[in-house]
Amino acid sequence: MHTETEALAASLRSGVHALGLSLSELQIQRLLDFLALLQKWNKVYNLTAVREPHDMLTHHLLDSLAAVSPLRRHVAELLGRGVGQGGLRLLDVGSGGGLPGVVFAICCPEVDVSCVDTVGKKAAFIQQAAVTLALPNLRGVHARVESLTQPFDVVSCRAFASLSDFVTWSRGAVAAPHGVWLAMKGKHPAEEMAALDAAQVQVFHVEPLQVPGLDAERCIVWIRPAAAG
Ligand SMILES: C[S@@+](CC[C@H](N)C(=O)[O-])C[C@H]1O[C@@H](n2cnc3c(N)ncnc32)[C@H](O)[C@@H]1O
């Protein structure tokens, strides 16, 4: 008879395998520990409306893990171009309970991840997760993204806002000239893309994602600042 923890671990391993992701035992354990933290603190911090552990696994963990290979590819490209040799920085906007920011920090230890949220207790939860999961590359930031001006190489979001609001509000945090936005979306957001200001930003890739155990459309919209005229 499997305990619930063993069943979750087995589902996570099979999802990671289906995604073709290579993760160490320590990374798998940290993902499970993060899931346990989310469950434990959800009632106090109101981190997510998803309450069942198995639903949290598919809707949050595997959903976020689906973006890890694309992120790793982009990071390798940047490093190949000689960008970020001193450490790459990623900002996860409206990170809430740390999705996808904490998952990125676990899976990409070479990337320094900041999770920003306007709600103080959510930023505090991320700080707590960084300590509990022993992730020196993770930090929670309590702020409105509009106020951030430090440069980040990648600015991500999931379930945050329209593409237009996302890029407008986080414009000051995108490093010039190579910084990009990584927006996790459901089905191909044609209308939101059409509403973007072409003089300001350019979508350079819409990348479909397959989430194991989730029969739903997902994609990453990759955006960069438009080249200065
Ligand atoms: C729907 S939640 C998404 C949470 C998480 N990304 C996820 O996928 O589960 C949106 C989050 O954005 C935060 N938020 C809203 N406006 C913001 C802003 N201007 N700057 C930073 N965070 C913001 C909210 O507090 C909330 O936690």
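Using the three backbone atoms N, Cα and C, a Cβ is placed for every residue, glycine included.
As given in TrEMBL:
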- G94, L99, V145, E146, R158: S-adenosyl-L-methionine binding site (BINDING)
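What TrEMBL annotates, mapped onto the structure for a quick look.
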| residue | record | DSSP class |
| --- | --- | --- |
| G94 | S-adenosyl-L-methionine binding site | coil |
| L99 | S-adenosyl-L-methionine binding site | coil |
| V145 | S-adenosyl-L-methionine binding site | helix |
| R158 | S-adenosyl-L-methionine binding site | strand |
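For E146 (S-adenosyl-L-methionine binding site), the same-chain residues that are 6 or more apart in sequence and have a Cβ closer than 8 Å to its Cβ are W169, S170, G172.
Pairwise Cα distances among G94, L99, V145, E146, R158, which the record gives as the binders of S-adenosyl-L-methionine, peak at 19 Å. Cβ environment of G94 (S-adenosyl-L-methionine binding site): V116, D117, T118, V145, C157, A159, F160, A161 lie under 8 Å away, each six or more residues apart in the same chain.
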